[in-house]
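So that you can see what the record holds, here are the features copied from Swiss-Prot:
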TRANSMEM  3-23  transmembrane segment
BINDING   ARG214, SER215, ARG216, LEU217, ALA218, GLN219, ALA307  (E)-cinnamate binding site
BINDING   CYS448  heme binding site
Amino acid sequence: MMDFVLLEKALLGLFIATIVAITISKLRGKKLKLPPGPIPVPVFGNWLQVGDDLNQRNLVDYAKKFGDLFMLRMGQRNLVVVSSPELAKDVLHTQGVEFGSRTRNVVFDIFTGKGQDMVFTVYSEHWRKMRRIMTVPFFTNKVVQQYRFGWEDEAARVVEDVKANPEAATNGIVLRNRLQLLMYNNMYRIMFDRRFESVDDPLFLKLKALNGERSRLAQSFEYHFGDFIPILRPFLRGYLKLCQEIKDKRLKLFKDYFVDERKKLESIKSVDNNSLKCAIDHIIEAQQKGEINEDNVLYIVENINVAAIETTLWSIEWGIAELVNNPEIQKKLRHELDTVLGAGVQICEPDVQKLPYLQAVIKETLRYRMAIPLLVPHMNLHDAKLAGYDIPAESKILVNAWWLANNPAHWNKPDEFRPERFLEEESKVEANGNDFKYIPFGVGRRSCPGIILALPILGIVIGRLVQNFELLPPPGQSKIDTAEKGGQFSLQILKHSTIVCKPRSL
């Protein structure tokens with residue numbers, strides 16, 4: 001009975017909203033020059049035409065029809081899509097302040113405390129403060145040099161564990177499971193000076209389960225209808241309640257098992273002022289100085305759990321998959337490692353710069369299988385102009401970075417996984433965004449600061465695996481499945497494949 005009453009009220013509200021929208025559109029005096037796009041209908045906009053799955057490939061189809069700048073009206077939200085290097089430069093660099101905010105939806109409002117974090121907050125003094133507080137303990141070359149030995153140790157442990165598993169060399173294993181532990185340990189060493197001993201560690205299992213559920217809920221397209229059309233939001237109550245429960249459990253776990261434990265440790269020992277601090281020590285100091293509050297501390301931990309751990313893991317998994325499916329490239333990379341470093345000499349962080357083909361493999365992985373293909377969405381707080389068009393305030397701006405890096409107008413045979421391109425015709429193109437046709441980490445004020453950690457970690461992990469194993473598809477298969485799984489703005493491998501890891505005699 002209650003559901004029927006709710007439905008009746010929603011339909012009545014929807015009818016009234018339709019009439020109001022039509023009336024307002026006719027009475028509105030200001031005529032805007034909006035970017036081209038499909039003709040919207042009242043209330044629903046283009047939502048019923050284009051559907052929920054606005055992945056990078058679907059958006060390319062619309063760009064081919066409407067141009068490199070087009071607009072979709074998704075219910076009550078404006079979605080502006082940028083599909084050329086020139087327009088990307090305008091949004092991310094030239095007008096970086098105007099388009100430097102973040103848009104959030106009803107689910108991300110829950111998971112970020114309405115922007116109390118760094119990644120999803122609007123461009124403001126709060127963002128500048130959070131970025132500054134996070135940079136020193138996480139995103140500097142000093143951090144890389146301090147923790148690269150830990151990354152090398154974690155990679156060595158992966159090699160040992162895989163070699164100790166007889167199944168790995170015969171039928172194969174889901175290597176991703178062990179690499180997930182590696183990435184958690186890499187970042188938890190930096191954050192808390194902590195690591196998990198095994199994939200069966202109860203705390204690790206609880207942590208990754210909660211993080212996984214958070215990602216599933218946030219990346220899903222299931223809740224679009226209630227986000228696009230607020231009058232339908234009552235139908236999301238169950239979904240949003242689950243999001244709130246997961247958010248509360250995660251923040252409590254971060255606080256009880258990691259942040260508070262670190263505070264206790266610091267309170268019972270005499271800390272040498274010259275001793276090395278982990279990242280959370282710096283963050284807690286900022287809280288003690290009154291620069292941020294306890295919630296901000298926990299949302300910083302939440303950002304690292306998602307933005308640093310998950311995205312790098314996706315890229316490692318994609319890189320390995322492409323090496324398995326391209327054995328000649330794998331062989332060529334192994335030859336470089338053996339020749340430059342010497343047979344049996346394990347790659348370390350400083351060695352990555354001596355290995356141009358390894359760097360090319362990493363760049364090509366980030367181009368061909370971009371983990372965040374539409375970047376993290378941008379937003380303009382106020383009315384803005386772009387390419388002569390009016391962009392209404394609070395529009396969601398998507399830069400199709402995947403298409404910039406896979407457009408045949410700018411790349412030679414982009415549908416081929418070919419690292420050699422970065423040693424030949426694209427030798428001057430770097431992952432830091434020096435060329436706007438290749439911006440896997442974004443560019444400008446809201447670019448991903450994690451690039452300074454991701455590139456060396458990718459080099460160490462992929463390098464060690466190729467040095468120590470011949471990576472093969474399972475028996476009876478010539479290739480592993482690389483079907484894609486998209487999300488709100490993520491690109492993951494759909495199936496975590498079984499990979500045969502045949503040890504090399506070094």
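For all residues, glycine too, the Cβ spot is worked out from N, Cα and C.
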- Note on the structure: Of the binding-site residues listed (ARG214, ARG216), the greatest number of other CB atoms within 10 A surrounds the CB of ARG214
- Rounded to the nearest angstrom, how far is the Cα of CYS448 (heme binding site) from the Cα of ARG216 ((E)-cinnamate binding site)? 22
- Could you state the whole-number distance in Å separating the C-alpha atoms of ARG214 ((E)-cinnamate binding site) and CYS448 (heme binding site)? 21
- Query: Expressed to the nearest Å, what is the distance separating ALA307 ((E)-cinnamate binding site) and CYS448 (heme binding site) at their Cα atoms?
  - Reply: 9
- Query: Could you give the Cα-Cα distance between SER215 ((E)-cinnamate binding site) and CYS448 (heme binding site), in whole Å?
  - Reply: 18
- Message: Taking every protein chain in this structure into account, which of the binding-site residues LEU217, ALA307, CYS448 has the most other Cβ atoms within 10 Å of its Cβ?
- Response: CYS448
- Message: Between all pairs in ARG214, SER215, ARG216, LEU217, ALA218, GLN219, ALA307 (listed as (E)-cinnamate binders), what's the biggest Cα distance, rounded to the nearest Å?
- Response: 15
- Determine, to the nearest whole angstrom, how far the Cα atom of LEU217 ((E)-cinnamate binding site) is from the Cα atom of the residue listed as 'heme binding site'. 22
- What does DSSP call ARG214 ((E)-cinnamate binding site) in the simple three-state scheme? helix
- Message: Return only the integer: C-alpha distance in Å from the residue listed as 'heme binding site' to ALA218 ((E)-cinnamate binding site).
- Response: 19
- Secondary structure at CYS448 (heme binding site), reduced by DSSP to three states: coil
- Simplified to three states, DSSP reports GLN219 ((E)-cinnamate binding site) as helix
- Task: For SER215 ((E)-cinnamate binding site), list the number of other Cβ atoms lying within 10 Å of its Cβ atom.
- Result: 18
